Amino acid sequence: MTYPLQPGAAPGAAQADAQADAQATPRARAEIDLGAVRANVRALRARAPRAELMAVVKSDAYGHGAVPCARAAREAGATWLGTATPEEAFALRAAGDTGRLMSWLWTPGGPWREAIESDIDVSASAHWALDEIVAAARACGRTARVHLKADTGLGRNGCQPADWPALVAAARAAEAEGAVKVTGIWSHFACADEPGHPSIAAQLEVFHEVLAVAGRAGLDPEVRHHANSPATLTLPESHFDLVRTGVSVYGLSPSPEVGVAAELGLRPAMTLSGSLALVKRVPGGHGISYGHHYRTPGETTLALVPLGYADGVPRHASGTGPVLVAGKWRTVAGRVAMDQFVVDLGGDAAEAGDEALLFGPGDHGEPTAEDWARAAGTISYEIVTRVSARVPRAYVNRSDSGSTGG
Ligand SMILES: *Cc1c(COP(=O)(O)O)cnc(C)c1O
């Protein structure tokens, strides 16, 4: 067990208070199905049977809650966790996680030493980073575990192939001194969510070259890794020793081109809902919300949904976002405001306190995060990740077949 805490063990005090309050006054609620997280991890492991699985839990597990999701992922056999920032990794250590854990987004100044002392695998894309890692390792008398990142074509982080031989030579020298161990060599795809995109094969070819250069320099990493969720789902030759899955752990398909979540064996873990704050009759011709971008076509019933862009509901979904209220899909009428939006129920009845389901797995006819992504001109990753801290998370265990894998 990499977590001493048991599943369902008491969350932190603040979280427990938030949950108690959420039960008392459920203005809004994001229900997170940890059974779905576990089932998704098992489904992904079955897709990449020869590789280890890293559950990417950056940005509070894409809005789902890093600590409970990390624990669920570990239970289902994720041998690695991944975060963008070191602070996100420290929070997992503080919560009791002791397994392999990597952070990849570093800026000059670290905090390298804290990471090394917390047994976090770090990443270097450039000489400045390797130099700072070596200095921190010497200062604390420990060997830093480092993943060297190559830019195989994403054009974002990572060392350019032209600079790679010098970086691996420096890393090898630092290994000889005992300051570092190069535990990983890795990169990241640009277009894996568009299966067949020519950049995919090109990136893999470059990756094989950078691995060969590293091997000739004497590096022998534990894990070579390049695959994100879409590559894990569509491209076995990209799996190498480790796959880094994020969005799919939370049950969302990386893109419509990769497939529909259910057909990929994935189950959305988050359900976002609210409790209607007001239902009222208004006459025809009534302007609705800021700017009056919607006007009631006739006498009608309006329902007020108490979530807005401060909760993560995209303002870009004004006039387009779908929500299940009183048994039917409604569309956001007029603008999404900071704290609330309105839907027009037409002739249908509802009352204050009734549920508004913004998105979920779709079982009850509710929209999905993918539907919101389409409505707002974005991707489902952003829809779940932007659900803000003002929305209490409630953890449940459904959709879990029970086996723990691992
Ligand atoms: C976010 C991220 C991932 C996970 O990507 P998904 O498409 O969500 O699976 C993997 N690797 C890196 C470097 C990332 O930043």
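We count from 1, first residue shown onward.
Backbone N, Cα and C atoms are what each Cβ position is placed from, and that goes for glycine too.
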For TrEMBL, the entry region 'Disordered' belongs, out of 1-25, 76-100, 151-175, to 1-25
K58 (active site, proton acceptor) has how many other Cβ neighbours within 10 Å of its own Cβ? 19
Spatially closest candidate among K58, R156, M338, the listed recorded positions, to Y290 (active site, proton acceptor) (Cα to Cα): M338
Report, as a single number, how many Cβ atoms besides its own are within 10 Å of the Cβ of Y290 (active site, proton acceptor). 12
Enter the number of other CB atoms within 10 angstroms of the CB of M338 (substrate binding site). 11
What does DSSP give as the helix, strand and coil breakdown of the domain 'Alanine racemase C-terminal' (269-396)? 23 helix, 46 strand, 59 coil
Using a 10 Å radius on the Cβ of R156 (substrate binding site), the other Cβ atoms enclosed count 10
